Amino acid sequence: MSSILSVQNLNKSFGNKHVLHDVSFDLKPGHIVGLVGPNGAGKSTLMKTMLGLFNYDSGSIKIAGETVTPQKHESLSKVGALIEYPGIYPFLTGWDHLQLFADGDHQLIHIQKIISQLNMDSFIKRKAKGYSLGMKQKLGIALALVNFPELVILDEPMNGLDPEATKELRDLIISESQHGTTFLISSHILSELQRLAQDLLIIDEGRIVQQTTMHELLASQGKQTIMLMTSDDKKARQLLKKARFKTTPDPRVEVVATDDNTMPEVLRLLVEGGVDILDVTRLEGNLESSLLEVLKQSRIQKRLAEEEAE
Amino acid sequence: MWTLVRQESFKLTRRVSTWVSTAFLVGIEIVFAFLSRVYPQTFVPANMFESLYFSRPIINFYMIAATATIITMEFQYGTMKQVLYRRYSRGQVLVSKWLAIFFYTFYWYVMSTGIALLMKALLFRHTLSIHQGAGDGMSIFTRGLAISAASFVSLWLLLSVVFLLANLFRNSAAAVSVGIIGYFASNIVTQLLTILIQKWDWAKWNPVTMTLYPSMLSHPGYYQPLLRMQGWQMLLGNVIYIAIFLGIGYYVFNKRNV
Ligand SMILES: Nc1ncnc2c1ncn2[C@@H]1O[C@H](COP(=O)(O)OP(=O)(O)OP(=O)(O)O)[C@@H](O)[C@H]1O
Ligand SMILES: [Mg+2]
């Protein structure tokens, strides 16, 4: 079976500015895949190219086994997308928009379903020129999902959504993916992505620097930190320093756990040193720190490779 | 394909400007019909009917604006990407816009002709017979239709340029101004044009000459010798230029990054 989206050796330039370098990846059906990387890494460009909005220099893009080019892309009937910001006609109502972009069978049922899933009943019959930022964003997401496509591509979907709407969207994405929909989501809200994505594509300066699962990334970079609240933080810090534990420069007392023994050793040290422990928390590795670490490593390696080449 | 044309038409019908401009055009026709009734010496009823009570220039301006905005509004509202990343090819999207504008032009001509006939029936029931001869073996009515057909064709020559410019610049101001300048240019440069044509016969085949097609029909015998063109040559020239400009626009649209 061909995968829903397969990109091979994709290269894309704007004039003589090379923006995507030999990008290759496949999406597993039914997975939620996060596309992360710094500003200007090429996330939006990659998504737009996959959607036939940009010409590309070389490589191939296949959706459900069919090649996508700007001129011809029938397979995009299987795809829904929201790129950067939603395009909205101010003179149409939200309902008009959904009607305009609904396609295939059961259009009316789909429209009503998406409206209730995203809680848009209160404003859907109003002209879009009066919508707030979040309403527009919801409408954009609804337009991406209205045909209940096999692949959904979302660029910064949480932009401007309130906590309630963010949760509704998260629930919707998870439930659709359980029904087999594949999602490719770029976001800078890493805490949100950490809750959603199973797989990760990390992109920097137009190159895929790592394709991994969320679980592997967190585990590999998973330096665990032990955070302590004590009766005497100053003394605790001194004791820890003397015993050569790795602490963080944070104002709070934090110890980097190198192995499973760290926690009991730290606790014994402090209790024996006469410091009362009020609270202990283990901080799991999080996506943000892991991502920063991966990017740092890849840049160092790239620099080394460049120096060697010279 | 027809789904796309229907969607474009739907967007047109939902714009307030469509209905405001329709009301305005109807108003203009009524005003000129009354003027013609009250001052038949200044506003000769036969000529006024033939000119559809002054609606053709207004239709031209509307259509230039509508053509520019049907393309540029998609860029302005950021909706072009949504329109394009569907199963339809780029060519289909563009052609559906051409067709929507084609039917929209049709709408204007049918409507203004209908109003003109209505005005004639209401205000000139006994004073004007549109079936009386008006030279060239044509009646006032059929001459009016012929001029409409000719201005439809040469309007489309302008629109094909406007389509191209709207695509290139993504900016309706630029496309509309060039369209309107194009509309006036033909009348302004007629003299220069005739001098050139008297000197070099082949110069008559330039696109500006083609826009004089409706004028040629409404002033029989006047332009023909000046431009050294027959009606059928004008028609052919228009059609060829329309095809060329639309073709370039199609190429540009297919190549562009959105
Ligand atoms: N239309 C364009 N013309 C020229 N250069 C462009 C164009 N679009 C993007 N770029 C360049 O391509 C690079 C990648 O941009 P892109 O928008 O894909 O980044 P991104 O990863 O989406 O960033 P962000 O997180 O800020 O959204 C940038 O260096 C940008 O300047
Ligand atoms: Mg972006």
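Cβ atoms here come from the backbone N, Cα and C positions, even for glycine.
Note that the structure is predicted; figures quoted are calculated from it, not measured.
Here is what TrEMBL says about this protein:
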{"type": "TRANSMEM", "residues": "B:16-39", "note": "transmembrane segment"}
{"type": "TRANSMEM", "residues": "B:59-77", "note": "transmembrane segment"}
{"type": "TRANSMEM", "residues": "B:98-124", "note": "transmembrane segment"}
{"type": "TRANSMEM", "residues": "B:144-166", "note": "transmembrane segment"}
{"type": "TRANSMEM", "residues": "B:173-197", "note": "transmembrane segment"}
{"type": "TRANSMEM", "residues": "B:232-253", "note": "transmembrane segment"}
Leading stretch by Cβ pairs under 8 Å, where the reference is the transmembrane segment (B:144-166) and the options are B:59-77, B:173-197, B:232-253: B:232-253
Long-range neighbours of the transmembrane segment (B:98-124), counting only residues six or more past its ends (CB under 8 A): 5, 8-9, 12, 22, 25-26, 29-30, 33-34, 36-37, 45, 49, 52-53, 55-56, 59, 62-63, 66-67, 70, 130, 144-145, 148, 152, 155-156, 159, 163, 246
Contact set, same chain, for the transmembrane segment (B:173-197): CB under 8 Å, 6 or more residues outside the stretch: 57, 60-61, 64-65, 67-68, 71-72, 158-159, 161-162, 165-166, 203-204, 206, 208-209, 211-212, 215, 226-228
